[in-house]
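What follows is a short report on a single structure.
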Ligand SMILES: Nc1nc2c(c(=O)[nH]1)N[C@@H](CN(C=O)c1ccc(C(=O)N[C@@H](CCC(=O)O)C(=O)O)cc1)CN2
Ligand SMILES: NCC(=O)N[C@@H]1O[C@H](COP(=O)([O-])[O-])[C@@H](O)[C@H]1O
C-alpha cells in the first residue's frame, strides 16, 4: 500500500490497520504441565480464542507449561513463590510482571497458589480459573479423589471468575463427566481434562468478546443474562461444536 497515499494519509491508514490488528491481551498463570494452556494456545492458533496470549507466568520454574509457551513463541516467565517472604510479596511481584503486558484478562490454568485479596481486587472481573469439580462441590484440592471417595455419579469441571473466596467465584461454564462404578481415577482425570480443554477456550473467547461479564453485584452474566450458580452446563458435543472441534471420545 505504501506510495499510494500522501504520507499523512498513509500514517492514518497505518494507525487504523494497527488498531484493527491488535487483539485483546491475555496473560496465563500456570504451575505445571500446562495442558489447559496448550488448549488455549491451540485455540488461538485456530483463531478461536478471540485474543492473544502475550505471556505465561509460572510459580514453578520447572513447569512444563513454560516450555509449551516458549515453543509457541510466547513470553515465558518463572516467578518462584518460594523466593518471596510472604504471599503478599509474591503477589505484588506477580502483579508487576503481569501488568507489563497490560492484559485484558488473566487466566489461571492449573495455577496452584491461593491469591491474596489485594491481588484478586486488582484484577476483579477479569480473572478466570478452571477447577476440576462441579462447583460449589469440592472446592480446593484433590477433587477427583474426594469425589470418588464419596461415590458420586457425576463429576466434572467448572470455569469461574476468581474472587477472594477460594473456588467460590461465580461459575461461567460447567461440563459434566459421568462416573462409572469402580471408576479408575486416571481415566476420570483424563475425561475431566478433555472437557476442560474444550470449555476453557470457549469461556475465554466469550469473555474477550464481551459476552461473559462479572456484574458489579458479583454475578456472572452471559449476553447480559444472569447465569445460574452452576453456570452454563455444556455437553461435550455442544462444546466441541462451539469450538468447531471433532469429538475426541
Ligand atoms: N483467591 C483465590 N485464589 C485462587 C483461586 C480462587 O478462586 N481464589 N483459585 C485457585 C485455583 N485452585 C483450584 O482451582 C487452587 C489452587 C491452589 C490451592 C492451594 O491450596 N494451594 C496451596 C499450595 C498447594 C501446592 O502448592 O500444591 C497454597 O497456596 O498454599 C487451592 C485451590 C488459584 N488461586
Ligand atoms: N485447584 C486447581 C486445580 O486443581 N486445577 C487443575 O489443575 C490441572 C492443571 O492441568 P494442566 O497444568 O495440564 O492445565 C487441571 O485439571 C485444572 O483443573
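Note: Cβ is positioned from N, Cα and C throughout, glycine not excepted.
Note: TrEMBL annotation is automatic and uncurated.
Some features that TrEMBL has for this protein:
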{"type": "ACT_SITE", "residues": "131", "note": "active site, proton donor"}
{"type": "BINDING", "residues": "34, 35, 36", "note": "N(1)-(5-phospho-beta-D-ribosyl)glycinamide binding site"}
{"type": "BINDING", "residues": "87, 112, 113, 114, 115, 129", "note": "(6R)-10-formyltetrahydrofolate binding site"}
{"type": "DOMAIN", "residues": "25-203", "note": "domain 'Formyl transferase N-terminal'"}
{"type": "SITE", "residues": "167", "note": "site 'Raises pKa of active site His'"}
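Among the recorded positions 34, 35, 36, 87, 131, the residues whose Cβ sits under 6 Å from any atom of ligand 1 are 131. Here the Cβ of residue 35 (N(1)-(5-phospho-beta-D-ribosyl)glycinamide binding site) has 18 other Cβ atoms within 10 Å, regardless of which shown protein chain they belong to. The two recorded residues, the residue listed as 'active site, proton donor' and residue 113 ((6R)-10-formyltetrahydrofolate binding site), have Cα atoms 13 Å apart.
Using a 10 Å Cβ-Cβ cutoff, residue 113 ((6R)-10-formyltetrahydrofolate binding site) registers 16 neighbours. Taking every pair among 87, 112, 113, 114, 115, 129, the residues recorded as binding (6R)-10-formyltetrahydrofolate, the greatest CA to CA distance is 19 Å. Within the set of recorded positions 113, 114, 115, 167, no residue has a CB atom less than 6 Å from any atom of ligand 2. According to its DSSP assignment, residue 167 (site 'Raises pKa of active site His') is coil. Computed over the domain 'Formyl transferase N-terminal' (25-203), the whole-number mean pLDDT of the model equals 98. Checking each of the recorded positions 34, 35, 36, 167 against residue 115 ((6R)-10-formyltetrahydrofolate binding site) by C-alpha distance, the shortest gap belongs to 167. The N(1)-(5-phospho-beta-D-ribosyl)glycinamide site, placed at the center of the C-beta atoms of 34, 35, 36, has further neighbours from the same chain whose C-beta lies within 8 angstroms: 30, 32, 33, 37, 38, 39, 65, 68, 109, 110, 197. Using Cα positions, the member of the binding-site residues 87, 112, 113, 114 nearest to residue 35 (N(1)-(5-phospho-beta-D-ribosyl)glycinamide binding site) is identified as 112. The Cα atom of residue 36 (N(1)-(5-phospho-beta-D-ribosyl)glycinamide binding site) lies nearest to that of 129, taking the binding-site residues 112, 113, 129 as the candidates. Residue 34 (N(1)-(5-phospho-beta-D-ribosyl)glycinamide binding site) and residue 129 ((6R)-10-formyltetrahydrofolate binding site) are 13 Å apart (CA-CA, integer value).
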